[in-house]
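Taken straight from TrEMBL:
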type	residues	note
ACT_SITE	Glu1227	active site, proton acceptor
BINDING	Cys11, Cys16, Cys19, Cys41	[2Fe-2S] cluster 1 binding site
BINDING	Cys81, Cys84, Cys116, Cys118	[2Fe-2S] cluster 2 binding site
BINDING	Val230, Val231, Val232, Gly233, Asn234, Thr235, Glu236, Val237, Phe310, Asp333, Leu377, Lys395	FAD binding site
BINDING	Gln734, Phe765, Arg878, Ala1045	Mo-molybdopterin binding site
BINDING	Glu769, Arg846, Phe880, Thr976	substrate binding site
DOMAIN	1-59	domain '2Fe-2S ferredoxin-type'
DOMAIN	202-387	domain 'FAD-binding PCMH-type'
Amino acid sequence: NMGLTGTKLGCAEGGCGACTVMLSRYQTHTKQLLHYASNACLAPLCSLHLVAVTTVEGIGSVARKLHPVQERIAKAHGSQCGFCTPGIVMSMYALLRNNPTPMMADMEEAFQGNLCRCTGYRPILEGYKTFTGGCCGGRGQKNGCCMSNVNGAQNGSEEQINVTTSLFNPAEFAPFDPTQEVIFPPELMTLSKDRKPHSLCFHGERMTWLQPDSLDEFLNLKWKHPDARVVVGNTEVGVEVKFKNMVYPVILAPTFIPELSAVTHAEDGIVFGAACTLSHMAVVLRQAVESLPPHKTEVFLAVLEQLRWFAGVQIRNVAAVGGNIMTASPISDLNPVFMAAGCKLTLVDKDGSREIQMDDGFFTGYRRTALQPQQILLSIHIPYSKKVEFVSAYKQSPRREDDISIVTAAMSVTFTPGTDVVENLRLSFGGMAPTTVLAKKTANRLIGRPWGEELLEEACNSMAEEMSLDPSVPGGMVTYRRTLTLSLFYKFYLTVLQKLRLQVTSDCLSATEVYHPETPSSVQIYQAVAKGQNQDDVVGRPIMHLSAMKQATGEAVYCDDVPLYENELYLSLITSSKAHARILSIDTSGAERCPGVVCFLFADDIPGSNTAGSLKFDETVLADGEVTCVGHIIGAVVAKTQLQAQRAAKAVRIEYEERQPVITIQEAIATQSFYQPIRTIQKGDLELGFKHADHILEGEMHIGGQEHFYLETNVTLAVPRGEDGEMELFVSTQAPTHTQSLVAMALGVPANRVVVRVKRMGGGFGGKESRTTLLSTVVAVAANKLKRPVRCMLDRDEDMLITGGRHPFYGKYKVGFLNSGRVVALDVTYYGNAGNSMDLSQIVERALFHMENSYRVPNIRGRGFLCRTNLPSNTAFRGFGGPQGMMVAENWMTDVAQSLGKSPEEVRRLNLYMKGDSTPFNQVLDQITLDRCWDECMSRSGYQQRRIAIDLYNRQNRWTKRGIAVVPTKFGISFTALFLNQAGALVHIYTDGSVLLTHGGTEMGQGLHTKMVQVASRVLGIPSSKIHISETSTNTVPNTSATAASASSDLNGAALKNACEILLKRLEPFKAKNPNGTWEDWVKAAYFDRVSLSANGFYKTPDIGYDFETNSGRAFSYFSYGVACSEVEIDCLTGSHKNLSTTIVMDVGNSLNPAIDIGQVEGAFMQGLGLFTLEELHYSPQGVLLTRGPGSYKIPAFGDIPTQLTVSLLRDAPNDKAIFASKAVGEPPLFLASSVFYAIKDAISAARAESGITGPFRLDSPASAERIRNACSDRFTKLCPLAEAGTFIPWSVQV
């Protein structure tokens, strides 16, 4: 109602940080204000009594004045799509309100709960580094800011002219004055200070919120409502209500009860009230650690270690320690510590209190505790440790920051004084049973034993037996989880040995180190514009994204920010719960009784055609009699509000007759379930090539899929225009024309009645190229039926379930090579999991076009199969099959090197393409820069020195290993579908001299509109301030290609140039008549002479077109090249890894905008890092997606950036095939992240060598912690063998 749309909804579960706001409250007991960041998506309105809420709009605006926090992220190029920006701004703002001069470590901690999918995080940190005490503010170096790693910049040959490393000037930032912040509202201050004890009661439609004011009242209410849920931070209940459809009629919120928030220092420990937040607990424990003797704080340090990685700051600021205990999660981070330390809990009801020890009797079952329904947890007593007691805590999760654990452990040992004999031992684990458990049998066996090798052996054998798991256990990863229990005990064993001052061999010491992240440093190198370039000519300059400031203030308008129309309705989808089934009946009776329901939509309600699709029409708008995947859209509910529509949709009951689904690639191969055509590219004589080879090896690899995870989910607003079947749609889509076409078909009207408008997207990455129409068509049909505006924005879990992602791939290869390492023959077959429709699955063609990556292979054959399965249709994703094709290539290249005992880099360099070579599809490489990129990357990275240092490190360390890899990329630029390589533009000059541009491309954060303004500014010869782009719409530029394939700057830039040149030609006579006139003079003169000041531009890529049948023609206009060198460190015991260093050299031609291009390189690299090392989609054997949000699906976070990151744009490499000699940059850098994967593989090889295992081995992608640990075969993995395949039903399958 207030129109404050700056705060964004990204996930509704507190996992992405897009909704971060600052909450402020006056604390009567300390008489101080408390400011803290919080997730708006989880904060109940009822909980905000006497709280001030500050949103991004409250601290600054473009119209008024930007706050320094907003200005710096914008000017440092830290905002691309901008959807995450308000949340990041508010996290930083809340930090500064509490600490005006934070350290870098404080800042990094503040961002643990924030995600960004576009930038790669580096520019955000660099912009905000200027707030820390360590930044020079642009005054510390003559060549720019102290943040530039000048040594890294000079590692190459910087004698070249016009090379620069500065993308922004911190000296231009407005100063930060912490005394000028928004004050706490005086009315709230008065109310808080004068507050008389009283309870609160809020009645809602389905629940009652009771906020008692005293402990007695709370206990009486709990006695009266024994099933009521107690809520402090709502971090668990909020998720249960939203995603698990839980209904709690009564909520008790004890926030204002002093006893529950009290902290008491007792003789034997510290007592925390159950409502103490985790952040407050951490502060108290840190103070205790600083003031108490070290031997007393072992337990405190263990709790603090777990709190470091517990969710994000926004969650820790509101989540209570009592809530964490009572949730009774089997993978709790803290409960194992409390259990191992023997913490005591005080339980209270209205009849009295009792104290119990937190042991294996406290958790009575999955998410159940020993408390009676009417009891509450009052406090937890965390004891001081004893002089001869040692405590450690461990957490292993897919991602280090803000992630739920796979296994948690806490271990406490007490020794008989003066000896190394175990007196007491508690080994507690989470993730190994339905509850947190103690390994009692193992512990009992070890009591009375000296702490040594024999004890270790006994412990491992016993624990392998005691900590067993059913092979079908939820969460899967059975071998890994069992191995972790042994590995973590071994870490504890070594740590205790050290503390006992007993002998630990030096090569094992690294296994005891506690992880502390290093502050990342970076350098960006690019070619400055030529001296003498006109100041108004901004091409080649690192200018800021045109929307960055609006995005940083929350004023940028996204699709769902469009104000509500009068009479507007909301739509919610009804989707299939079965992978393959016939629909027997649909029962809407329960939903009809829900309040607010207006109508239902099913296939019969579609006035036009129910067919849909991309490459071919093999889909339906709404399922008609049959469903072919979980998430298949069957129908929709339209209601007055979002909540009403969603509740009604869940109340619809559907009866199915199930059919046998095909889920995995292997099942598709077994049943020959493929789409046609099956593509082949062949060149040379394969048989002869293998005959001449000295060696032949065969291998295979699986590459997992990837969720786009654009921060803004799919959204459509459809507005009927009341006559002639006209419909206006506001859509977050990369393909307005495709949307227009399918909506028109569904409505049964010509395309000229449908207008699709796109202002901007909160990220796309290919996921909004074709799959947006799944939603847009349904919303348009509803709006047409009801003749009222209808809106729908998908929840994150819906979006992930329905829209598909990157195609999982399986590659098989046979490669022939000489003793030198030169590859002479390759036969490779790709299988892509397409899902239940073709959609854009010609991605297999691009995989074949990139099957040799950057290497000359004279005799080659590649075949590509598209598997027809019962998964939601997979679709375009940055790289469009190229990364999968190249990933398999780098795998066989690594195999070749390992089998010959040679360095992979030596073999890669030997096989690199050279100028004049031709590809398997017979395209001659005439402007190749691969060798230049390779040599510069090797030089800048200091590869040779690093290799020597890594080999030394690996000899000195048994349980941590380092690896390094150098990987090239060659990426073809053009749509593989010839007809798409065209673009249009429309340019208007108004009589005041201002210029409005419209083109066929859409803005999704990649800076396309910014680059187009730069292009027009140069062509027209006017300042960019005179030029504006409002939106992309189908009624200005028709028949547009999707903004995809990295080609949008090339295509639309050339079309705009064409339009601008037409206009310049029209203005020439007026310039000639008045050579000293201004732009405005010439424009007015032309207008009064009745000359048109509007022009259409058009461009089509020349000289391209490839024929698969004849393997002839030109597939791509040109190629983008790049090389990356990455170094990693793996923990052989846990499988976790650190990204130590990455150096990237990228050929982007003459960069149109170095800031945007470097942002694209870094953003693509980090997305690739997710693809190859972190992100895993888990599907059940029945085809149900199990990872449907940031809680279970992990994209890279701030802490995943390489500690040292160097990005260099290749100099003096103009490209005559694109606008102003530039090159495409969106997709090509993504594959360079595979250098991290192969560096990990290099490190694993070093670990395997310790166990006497050498030679090639299979490592599927992503290189998750599980895969890394299992590949590091050792004494512990041997104790936990895999269950035999086929003897159990796995929790998830490799699709």
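Note: Cβ is positioned from N, Cα and C throughout, glycine not excepted.
Note that TrEMBL annotation is computational and uncurated.
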* **Residue counts (helix, strand, coil, in that order) that DSSP gives for the domain '2Fe-2S ferredoxin-type' (1-59)** => 10 helix, 19 strand, 30 coil
* Taking the Cα atoms as reference points, how far is Cys19 ([2Fe-2S] cluster 1 binding site) from Glu1227 (active site, proton acceptor) in Å? -> 29
* To do: Specify the count of other C-beta atoms within 10 Å of the C-beta of Arg878 (Mo-molybdopterin binding site).
  => 26
* Structure fact -> Looking only at the domain '2Fe-2S ferredoxin-type' (1-59), mean pLDDT returns 94
* binding-site residues Cys84, Cys118, Leu377, Glu769, Arg846: which have a Cα within 10 Å of Arg878 (Mo-molybdopterin binding site)? -> none
* Which same-chain residues, if any, lie at least 6 apart from Asn234 (FAD binding site) yet have Cβ under 8 Å of it -> Leu42, Ala43, Pro44, Ser47, Val318
* Tell me, in order along the sequence, which binding-site residues from Cys116, Val230, Phe310 have their CA within 10 Å of Cys16 ([2Fe-2S] cluster 1 binding site). => Cys116
* To do: Spatially speaking, which of the binding-site residues Val230, Val232, Phe765, Thr976, Ala1045 is closest to Cys116 ([2Fe-2S] cluster 2 binding site)? Use C-alpha to C-alpha, please.
  => Phe765
* Structure fact -> Cα of Leu377 (FAD binding site) to Cα of Cys41 ([2Fe-2S] cluster 1 binding site), in Å and rounded, measures 26
* Asked: Are there residues of the same chain, six or more positions away from Cys81 ([2Fe-2S] cluster 2 binding site), whose CB falls under 8 angstroms from its CB, and which are they?
  -> Arg117, Cys118, Gln551, Tyr710, Leu711, Glu712, Arg760, Met761, Gly762, Gly763, Gly764, Met1004, Gly1005
* When the number of other CB atoms within 10 A of each residue's CB is tallied over all shown chains, which of the binding-site residues Phe310, Phe880 has the maximum? -> Phe880
* Structure fact -> Cα-Cα, Cys84 ([2Fe-2S] cluster 2 binding site) versus Cys11 ([2Fe-2S] cluster 1 binding site), nearest Å, comes out at 11
* If you measure every Cα to Cα pair among Glu769, Arg846, Phe880, Thr976, the residues listed for substrate, what is the largest value in Å? -> 17
* Of these binding-site residues, Gln734, Thr976, which scores lowest on Cβ atoms within 10 Å? -> Thr976
* Asked: Which chain neighbours of the [2Fe-2S] cluster 2 site, leaving out Cys81, Cys84, Cys116, Cys118, have a Cβ atom within 8 Å of the mean position of the site's Cβ atoms?
  -> Ser79, Gln80, Gly82, Phe83, Thr85, Arg117, Thr119, Leu711, Gly762, Gly763, Gly1005
* Asked: Quick one: Cα separation, Thr976 (substrate binding site) versus Val232 (FAD binding site), in Å?
  -> 55
* Asked: Within 8 Å of the centroid of the Cβ atoms of Cys11, Cys16, Cys19, Cys41, which other residues of that chain place their own Cβ, given that this set defines the recorded [2Fe-2S] cluster 1 site?
  -> Lys8, Leu9, Gly10, Ala12, Glu13, Gly14, Gly15, Gly17, Ala18, Asn39, Ala40, Gly87, Arg796, Pro1190
* Structure fact -> Widest Cα pair spacing in Å over the listed FAD contacts Val230, Val231, Val232, Gly233, Asn234, Thr235, Glu236, Val237, Phe310, Asp333, Leu377, Lys395 is 27
